[in-house]
Amino acid sequence: MTSDPSAIPLHHAARRGLLIVMTGASGVGKGTLREQWLAGQDVFYSTSWTTREARPGERDGIDYIFVTPAAFEAKVMADGFLEHASFVGNSYGTPIEPIEAALSRGQDVVLEIEVEGAMQVKARMGDEAILVFIMPPSLTELRRRLEGRATETPERIEKRLARAREEIREAHEFRFVVVNDDLEKAVEGLRAIQTAERARQLPENEWTPEDRAARLRADTLRSYALSDADLQRVVES
Ligand SMILES: Nc1nc2c(ncn2[C@@H]2O[C@H](COP(=O)(O)OP(=O)(O)O)[C@@H](O)[C@H]2O)c(=O)[nH]1
Ligand SMILES: Nc1ncnc2c1ncn2[C@@H]1O[C@H](COP(=O)(O)OP(=O)(O)O)[C@@H](O)[C@H]1O
């Protein structure tokens, strides 16, 4: 064995974790998908800060870190967020320190954030950020899910739908697009993306048959596979 670290092939050095950013309209099913996808996995899920009121059943420190606008602003000033954005009247932000720590120890990190914040992560982290846009099968179905969840007033639902319409038109900005129609299929798509991106850190001759299958599946989820007309159809249906 050599003691010269530079002689160790790159892929045998400690692996850096993947930074996966899940984004998409409010109510599209991001939380539901994330729970199923990450169940039983040792992934670091980033708990965001927010100035919004806790909903019944939400736990401080687990679902969100609930803070006052002043505390949020102080963290912004201290450059403590990887990204932050306002959404329908409240502020949301991803604290940066725990993320860098997890990536450095080789743990995959998943963020579940709205689109503007996802774009900030893309601008700041470049190619390292794996952006996944979760798409509803149609706007009608998105409305049904928002109404079914019964956490928002009708006025807030309209605001969220208006915002969703704009975000769907920007779907090409993301590396992958996963349609959340059939839940199982969408979860399987997310797993394929994660496996495929991990394989990308290895030379091709080390890929397992599962890695190869995941790479092929993930290729079908690349955003460039969708046309503008496909996106328009979702917005109009
Ligand atoms: N930019 C950004 N968005 C976030 C963050 N945390 C949550 N969000 C997003 O903010 C939006 C509103 O979240 P929330 O009020 O919990 O409503 P819900 O996702 O519709 O249940 C959702 O799209 C979340 O994904 C964050 O740290 N940064
Ligand atoms: N594939 C799906 N088919 C039908 N309903 C779904 C699906 N995925 C999620 N839902 C439902 O849609 C609603 C919104 O999901 P949620 O995970 O809270 O969305 P988000 O985190 O994106 O705001 C929930 O009531 C959830 O049970």
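Including glycine, each Cβ sits where the backbone N, Cα and C put it.
Keep in mind the model is a prediction, meaning the values are calculated, not measured.
For SER26 (ATP binding site), the same-chain residues lying six or more positions away in sequence with a CB closer than 8 A to its CB are PHE87, VAL88, GLU114, LEU146, ARG160, ARG163, ALA164. What TrEMBL lists as ATP binding site is GLY24, ALA25, SER26, GLY27, VAL28, GLY29, LYS30, GLY31.
The domain 'Guanylate kinase-like' annotation in TrEMBL covers 17-195.
Listed binding-site residues: GLY24, ALA25, SER26, VAL28, GLY29. Those with a CB atom under 6 Å from ligand 1: SER26.
A 10 Å cutoff on Cβ-Cβ distances gives LYS30 (ATP binding site) a total of 19 other Cβ atoms nearby, all chains included.
Residues near VAL28 (ATP binding site) in space but far in sequence (CB under 8 A, at least 6 apart, same chain), listed by position: ILE134, MET135, PRO136, LEU142, ARG145, ALA164, ASN180. Taking the mean position of the Cβ atoms of GLY24, ALA25, SER26, GLY27, VAL28, GLY29, LYS30, GLY31 as the ATP site, the remaining residues of that chain whose Cβ falls within 8 Å of it are ILE134, PRO136, LEU142, ARG145, ASN180.
LYS30 (ATP binding site) falls within a helix when secondary structure is assigned with DSSP. Listed binding-site residues: GLY24, GLY27, GLY31; maximum Cβ neighbour count within 10 Å falls on GLY24.
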